[in-house]
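Heads up: the structure comes next, in structure tokens.
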Amino acid sequence: MDVLVVDHPLARARLTTMRDARTDNAAFRAALHELTVMLVYEATRDLPVAEERVHTPVARTTGYRLANPPLLVPVLRAGLGMADQAHKLIPDAQMGFVGLARDEETLQPTPYMESLPDSLAGRPVFVLDPMLATGGSMAYTIRLLTDRGATDVTAICALAAPEGIKHLEDSGLPVRLITASIDERLNDSGFIVPGLGDAGDRQYGAVH
Ligand SMILES: O=P(O)(O)OC[C@H]1O[C@H](OP(=O)(O)OP(=O)(O)O)[C@H](O)[C@@H]1O
Ligand SMILES: O=c1cc[nH]c(=O)[nH]1
Ligand SMILES: [Mg+2]
């Protein structure tokens, strides 16, 4: 599996803000928004472009646009904090939604929402979720996509654990990963160490 770690100094600075336990919900959301721009920028770097003629005030020249904009799929809740920024960068993208909550005992994803186009054949997909921990939620989401014909999936995550990367690699699913950091490990509760805590709670407040 291709893995790209975006370790640009500005990305590291935003991630540091997100990691800091003193960062409040609003500042955490702002840092995630800004980090998302950097991750999506890198994720789109090699996408095919279509050429079009453009008239500047001075002359005619060749212009460019994405030939086949990806479907954006935020994984609720935490991925919602990446959705608007990704959409601003790719305004003609369509968006689908998946809602998952990880069971705190079993660490298995429990699905509660799914809104995706019927067919994804020939369409690249960007899955937006700040956290790749065990990898169970991401693998579940990607299977929803491949069941609809997707063969080109990019997982965009602020943080990834080695265990989650291995899970995706072992799954054989057609995915590449863009992340700002590969952290050390998971703890006994399935949290990424050093991590940043619960990315949903850090943005929107605790539900339990
Ligand atoms: O790799 P995994 O072990 O599956 O864990 C990662 C998942 O955990 C978090 O969501 P959570 O279940 O906490 O839901 P939330 O976004 O509503 O907080 C995160 O946003 C991922 O979706
Ligand atoms: O560290 C973790 C692991 C899973 N989900 C989170 O939000 N944080
Ligand atoms: Mg959560």
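Including glycine, each Cβ sits where the backbone N, Cα and C put it.
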- In TrEMBL, 5-phospho-alpha-D-ribose 1-diphosphate binding by R77, R102, D129, P130, M131, L132, A133, T134, G135, G136, S137 extends, among D7, D20, D198, to D198
- Item | Cα-Cα distance linking M131 (5-phospho-alpha-D-ribose 1-diphosphate binding site) and A199 (uracil binding site), given in Å to the nearest integer | 7
- Would you mind pulling the DSSP three-state label for R77 (5-phospho-alpha-D-ribose 1-diphosphate binding site)? coil
- Spatial hits near I192 (uracil binding site) (Cα distance within 10 Å) out of the binding-site residues D129, M131, S137 come to M131
- D129, A133, G135, S137 screened against D198 (uracil binding site), Cα within 10 Å - retained binding-site residues: none
- Query: Same-chain residues six or more away whose CB lies under 8 A from the CB of M131 (5-phospho-alpha-D-ribose 1-diphosphate binding site)?
  - Reply: A78, C157, A158, L159, I192, G195, A199
- Task: Can you tell me how spread out the 5-phospho-alpha-D-ribose 1-diphosphate site is, meaning the largest CA to CA distance among R77, R102, D129, P130, M131, L132, A133, T134, G135, G136, S137, D198, in Å?
- Result: 17
